[in-house]
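Asks: Copied straight from TrEMBL:
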DOMAIN    5-201  domain 'PNPLA'
MOTIF     9-14  motif 'GXGXXG'
MOTIF     41-45  motif 'GXSXG'
ACT_SITE  S43  active site, nucleophile
ACT_SITE  D188  active site, proton acceptor
Amino acid sequence: MIKILAIDGGGVRGIIPAIVLVEIEKRTGKPICELFDLISGTSAGGILALGLVVPEQHKADNLVPRYTAKRLAELIKKDAHIIFDKSILYRIPGGRYVYRRYPDDGIEFVLEKYFRDAMISDALTDVLIPAYEIEKRNPEFFKSAKVTSEHPTQIDVLMKDVARATSAAPTYFTPEKIETLPDMAFIDGGVYANNPAMCAYAEARAIFQEETDFLVVSLGTGEANAPIPYEEAVNWGHIGWSRRMLNIMMDGNSDSVDYQLRQIVMPRNGEARYYRFQAELGRDTEHIDNSDAFNMEKLEALGIGIIRDKANQAKLDKLCEQLMR
């Protein structure tokens with residue numbers, strides 16, 4: 001059985017899937033990278049995915065992950081305010097309509113700290129990380145499995161650069177230029193694959209062509225259900241919609257991929273082969289950049305709510321039993 005993990009994008013809401021991953025490691029007694037054959041993540045989920053597979057030492061023989069899921073959850077909570085620290089220009093009157101929200105220094109400092117000189121080829125488990133290339137207008141995937149390929153994004157690159165590319169959300173951060181890919185520029189993979197589970201499933205089918213049994217575990221970063229009243233939306237123009245469009249697109253993509261996988265990854269021998277863990281957000285927790293300590297506590301509580309839910313407890317029991325086979 002080929003085991004696939006996919007983690008949605010969602011900024012600070014990445015603490016939610018991190019809590020689920022902590023529970024899986026706790027139940028199995030193994031690091032996530034030993035439980036799955038392919039791990040995919042977009043944006044914040046991409047940072048998490050890479051964090052789960054980065055080795056303790058670059059080019060070392062010992063294949064020990066640098067971070068446990070618990071440590072990554074702690075780092076997300078601790079470092080969110082560094083990443084999402086509004087620029088001075090954004091704060092001036094009218095600045096929000098002209099300038100991006102956040103300087104790149106914060107996110108680049110954090111990614112340097114997490115990944116240092118690790119290359120994508122160092123990944124302890126195969127990874128698939130989506131980004132969107134704006135020069136040629138193409139979706140692109142960074143893959144550890146094929147770094148010797150002649151395709152540009154499949155040459156070896158630094159993990160910190162891949163993490164920066166997949167999380168370069170429009171209006172939040174600048175596009176990412178990677179030194180070894182000078183003709184390309186990347187923005188957040190969430191513009192087309194915020195939920196990368198379908199991409200990961202397709203990639204796994206391509207890598208493991210002789211296999212017929214696939215297990216897909218998809219972790220959400222919260223579902224925004226607060227209504228958008230017609231009476232408000234009907235009066236929005238470019239600026240009104242631009243403030244909300246990215247979140248709407250990302251949430252819509254995540255839900256549509258969930259629907260697709262429920263139809264095509266069917267149970268086998270009476271056992272589920274597709275698991276989706278998701279939380280419901282309130283209006284006050286849906287923002288991807290609210291790094292306020294109180295909001296981070298609420299998001300963490302949503303993750304804890306997932307693993308304490310009785311129905312999810314039974315799902316986690318069965319899932320972890322399957323992962324240990």
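Each residue, glycine too, has its Cβ placed from N, Cα and C.
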Asks: Specify the count of other C-beta atoms within 10 Å of the C-beta of D188 (active site, proton acceptor).
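Replies: Step by step: centre on the Cβ of D188 (active site, proton acceptor), count other Cβ atoms within 10 Å, giving 29.
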Asks: Looking only at Cβ atoms, how many others are within 10 Å of the one on S43 (active site, nucleophile)?
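Replies: Its Cβ shell of radius 10 Å holds 33 other Cβ atoms.
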Asks: Taking helix as H, G and I and strand as E and B in DSSP, count the residues of the motif 'GXGXXG' (9-14) in helix, strand and coil.
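Replies: Summed by class, the stretch gives 4 helix, 0 strand, 2 coil.
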Asks: How many Å separate the Cα atoms of the residue listed as 'active site, proton acceptor' and the residue listed as 'active site, nucleophile'?
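Replies: Approximately 6 Å lies between the Cα of the residue listed as 'active site, proton acceptor' and that of the residue listed as 'active site, nucleophile'.
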Asks: Please spell out the DSSP helix, strand and coil residue counts for the motif 'GXSXG' (41-45).
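Replies: Helix (H, G, I), strand (E, B), coil: 2 helix, 1 strand, 2 coil.
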